[in-house]
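Student: Below are the structure tokens for one structure; questions will follow.
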Amino acid sequence: MEKTVNQKAWFLVLPVLVLVAFSAVIPLMTVVNYSVQDTFGQNQFFWAGLEWFEEMLRSDRMWDALGRQLMFSGIILAIEIPLGIFVALNMPKSGFWASFCLVLMSLPLLIPWNVVGTIWQIFGRVDIGLLGYTLDALGVNYNYTQDTIAAWITIIVMDVWHWTSLVALLAYAGLKSIPDAYYQAAKIDQASRWKVFRYIELPKMMGVLMIAILLRFMDSFMIYTEPFVVTGGGPGNATTLLSIDLVKMALGQFDLGPAAAFSLMYFLVILLISWVFYTVMVNLDKKGM
Amino acid sequence: MAKITLDNLAHSYLPKPTSEEDFALKELNHDWDDGAAYALLGSSGCGKSTLLNIISGLLHPSQGRILFDGKDVTHAPTAERNIAQVFQFPVVYDTMSVHDNLAFPLRNRGRDEAYVAERVNEIARMIGMEDMLRRKARGLTADAKQKISLGRGMVRKDVNALLFDEPLTVIDPHMKWELRTQLKKLHHDFGHTMIYVTHDQTEALTFADKVVVMYDGRVVQIGTPEELFERPEHTFVGYFIGSPGMNVFPAKVDGRRAYIDGTALELGRGYRPLDGKVEIGVRPEFARLSQSEGLPVTVRRVEDVGRHKIIRAEFFGHDINIIAGEDDHISADMNRVTFDAAHVNVYADDWRVPGEAA
């Protein structure tokens, strides 16, 4: 079969190229521009080469923030994924209560980030917050503005409250797609509840769980608003996650060069981890776990 | 293996069925003989899957009992009944190897590994998958997966019956034939009681010793393929089995004669006066087009399907199909039809009336 060559076809790609250029490439290049230059205001720039990157790689500040960030993402994934699966397994499969649960579960997802932060900020306050006051009344030493552990627990519980629903909804969708025959066959084969989960439900949920883990990882790794509203990165720097630190550096101290270098590395780390995760999961999937 | 007895069995999906209409499966008494191959044939929604699920214990009947070799298992859970079921869509445990799939039911019952390995190899040989045992079940073809589900059922020695719920639906046409043949051979070699649900008459007739035809929640006829063909007990059987199905015309029957629109037709047997809706049924195979004898007919078209010709015609305002041999000459002046009197059946309210030989 003869192939027709028509270079005009490139024009069809143009809209998406323009869109991506304005939404991603140009802003990113601006950041790249800042990262290799120094500025003293009045739009005067001096070439700095890779100096900012070297400085950032040597600074404890960024490594500490990265460590806290990894810990935060690790903890919330370790809680939200199993909890989401557990919730999905126990949700009604059909009828009124199924719809009811779905709506109920979606509620936290519909609340704006800064509102979630505010809710928990007030909820946890020892003087007026229901949670803080109750805990205090019970004699528990809870004060997220002063105690590192309390601050961490607060932002982790907040994230779990906010996002477990997403994992649960995705897992639920995965579960719903399993034909009844699988459960019937398992009954005939006398499979235990655990084996049904391990050999039927989990493999069938793998696809959506991968998406859930990826989404939750990326989102939590970039989290800013909620912990910023609740703890502002404190006490001290205890909950200063990467993005909070970045904003402090870029807007608080107006160190544009280091902040630009920081954000590029930040971006590359997310990209790298997501890519590694995705590749590993896809390979596992091919081998059939 | 066991004889399966259905005693006064009926099922309704409604919590409080009142009229007969509410029952998806109407009252039924039947023995499934040990070691026989049955096909449950009927159109979609006729209750055949309901019946199958009741036998396998996935569904509890609203009334009646199920006995396996005389033992009441009506309320026994699926696992206790030792039945195996192959579903419409192949059910395999994707993440396990073929070997582990086959071993799964035995391992769940806590059998020791030596026994499991022996049985799995035996079954793999039976279903012809010995060289695939180490493979993951994922990514196998649909027919291989269906063989695995069959093997998983047969791996238990104490299995009472093998149930099939339209197992060839998702199989490629050329593999259907092979699988069916293999199934038949397995039945022949090992003698399991098999119940095979299908809406495909070819599948049913080639697979089974006895075909159970269901219609509207009721078993309308149980018989060998030959009986279903020659003496359909219900007009549905006549219509559903055969290609094309039986011709049915409203008629008046008096003694040894039937009258269609006042025109007389000889019957092979004598009949007492009949009440209700009276019809006669003739299979297209037992009708013959003729120039001079018989009743008037208007030929509309002739379809040559290769091994024979199907004549579509009009007969006293009703559609009629006639089958003629591939080599039979059909001319334009053939405008009469004769019936083989011995194969004209009489129906009152859709049920066949036996008639009196003489």
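The backbone N, Cα and C atoms fix where each Cβ goes, glycine too.
Annotations in TrEMBL come from automatic prediction, not curation.
So TrEMBL has the following annotated:
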- A:12-36: transmembrane segment (TRANSMEM)
- A:66-277: domain 'ABC transmembrane type-1' (DOMAIN)
- A:70-89: transmembrane segment (TRANSMEM)
- A:96-123: transmembrane segment (TRANSMEM)
- A:149-175: transmembrane segment (TRANSMEM)
- A:196-218: transmembrane segment (TRANSMEM)
- A:264-284: transmembrane segment (TRANSMEM)
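Give me the local environment of each listed feature.
Tutor: Proximity of distant same-chain residues to the transmembrane segment (A:70-89), defined by a Cβ-Cβ separation under 8 Å and at least 6 residues beyond the stretch ends, is recorded for 105, 155-156, 159-160, 163-172, 174-175, 197, 201, 205, 209, 212-213, 216-217, 220-221, 223, 241.
Counting same-chain residues at least six beyond the ends of the transmembrane segment (A:96-123), those with a Cβ under 8 angstroms from any Cβ of the stretch are 87, 129-132, 154-155, 157-158, 161-163, 165-166, 168-169, 172, 225-230.
Tertiary proximity for the transmembrane segment (A:196-218) is limited to same-chain residues at least six positions away from its ends with a CB under 8 Å from its CB atoms, namely 73, 76-77, 80-81, 84-85, 89, 163, 166-167, 170-171, 173-175, 177-178, 182-183, 186, 270, 273-274, 277-278, 281, 285, 289.
Counting same-chain residues at least six beyond the ends of the transmembrane segment (A:264-284), those with a Cβ under 8 angstroms from any Cβ of the stretch are 28, 31-32, 35, 53, 56-57, 62, 66, 210, 213-214, 217-218, 221-222, 242-243, 246.
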Student: Any residues 6+ beyond the ends of the transmembrane segment (A:12-36) with a Cβ under 8 Å from its own?
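Tutor: Contacts of the transmembrane segment (A:12-36) (Cβ under 8 Å, skipping residues fewer than 6 from its ends): 47-50, 52-53, 256-257, 259-261, 263-264, 267.
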